[in-house]
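Chemist: The active site, charge relay system annotation in TrEMBL covers Ser241, Asp355, His390. Annotated domain 'BAAT/Acyl-CoA thioester hydrolase C-terminal' per TrEMBL: 214-442, in sequence order.
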Amino acid sequence: MSDALVIHIDPVEGPLWLRRRITVDGATPGSMVTLKSTTLRNGIPWSASASYLADAEGRIDLDTQTPGFGDHRSPDAMGLIWAQQPEVDGASFDITTMPAIGEISTTITAREESATGYYDHPQTCASGRMASAVLVQGLREADVSREKLDAEGLHGTVFRPSGSGPYPTVIVMNGSGGGINEIRAAAYAAHGIQAVALGYFRSEGLSPYISNTALEYFEQALDYVQRNLNPLGKPAVNGQSRGGELTLLLGSLYPEKIGALVAYTPSAFICGAQGAADPKEGWSGATWKLDGRPLEHLWHNNAGVTWNPWDGMQPPSRDRNIYIDGLHDRATASSSRIAIEHFTGPVLAVSGADDRLWPAGYSARLAFATLARHGHQSQRLHLDYPYAGHAIGMPFVPSTQIYKRHPVSGIDLSTGGTPQGNAEASADSFAQTCDFLIRSLAQTDTRESR
């Protein structure tokens, strides 16, 4: 045992999505050591802690040792990040609407609990020593360029990898919270994938609501990318939640313009505007328009639906049950089904088995079954995580906001899953999505060049 308690972080600085190793040396053998992380998010401190038993050499390895107790209970150094909760009630943090500028710094402290140690060995008595270190998560790699997109009526940000291209390219879209998902796009670019973080509502120059969004806007984005951004083959489309629904919908409408689909927690049906609705239109108003006409959706005069979770009423069960009720009106469900069989390229779907907002796992399975029955020949990959819910996103950010307030409607909701389940799903799905995009878009380009 050394005289000093020391925290080692490897690496200290790196991108947000990079897993770190955290160890402690110099602890009193057999002592209890409590590690705590603290991060300022939107000016509010978020923190997590876990306590460990130092081994006979006074060492702790957070990736191999299970905490004795604390805010997470698995051997995972990044648990000090994903298990964080706000120290102010009601505070929230949404990585999907942050600009990819700067970095997030987390202070990690280690404290020996006084008088702990091997109680049958009087010389191992901890004196309460402390240590600290800082973990830095960058939001954009230095060799990734960031350029505002404000052309041809489009609103977003383009992230390019280093080099001259052509690059595998993806258009990234948020869900019912709106805004522009720069962080995911920047992360893709760090992996060699050119990414366009595209806003379509709740962003500068756009509507504050999702109601009556014109689908021609996305066709224009696809055409712009193909003409101006030197993609490898055709661009992919990647959306989350309502953006996942939109991803499948765009694949059905513009299959010849899209190289691959990545749908996180999607719906296989066109849904009404729901919690992101213009109050004048209401939750059961149209979300999408094509050729100036609203598309039929699951809530339009649906005989199976007698309640909704978006007007502040207390629902009889989880929000997802309204979707199951909606399927009982077969005519409406059939007319609002997304015709995914029109898409012939690779498809990746991501879902959580405990999704409490809508049955994304069912939707993914239904979409894949439809593709199979129609002779779909490209790869279909469904990542379904048993302990995750609706909020499967970027890795190594807090995953504890299972109960949260919708940013548009202000209605409280539950997204489901466990913090650990959501964190593991986010990390695994991000890595697999990067591999899927690179592989799928390269194959598409090879087929076209023959």
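Keep in mind that glycine also has a Cβ here, set from the backbone N, Cα and C atoms.
TrEMBL entries are annotated by machine, without manual review.
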Chemist: Check the domain 'BAAT/Acyl-CoA thioester hydrolase C-terminal' (214-442) for me and report the mean pLDDT.
Modeler: 95
Chemist: Whole-number Å only: compute the distance from the Cα of Asp355 (active site, charge relay system) to the Cα of Ser241 (active site, charge relay system).
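Modeler: Per the Cα atoms, Asp355 (active site, charge relay system) and Ser241 (active site, charge relay system) stand 11 Å apart.
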Chemist: According to DSSP, does Asp355 (active site, charge relay system) fall in a helix, a strand, or coil?
Modeler: coil
Chemist: Could you round the CA separation between Ser241 (active site, charge relay system) and His390 (active site, charge relay system) to a whole angstrom and send it over?
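Modeler: The separation of the Cα atoms works out to 8 Å.
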Chemist: Might you list, by sequence position, any residue in that chain lying six or more from His390 (active site, charge relay system) with a Cβ less than 8 Å away from its Cβ?
Modeler: Ser241, Thr265, Gly352, Asp355, Arg356, Leu357, Trp358, Ala360, Thr415, Gly416, Gly417
Chemist: Just counting, how many other CB atoms are there within 10 A of the CB of Ser241 (active site, charge relay system)?
Modeler: 28
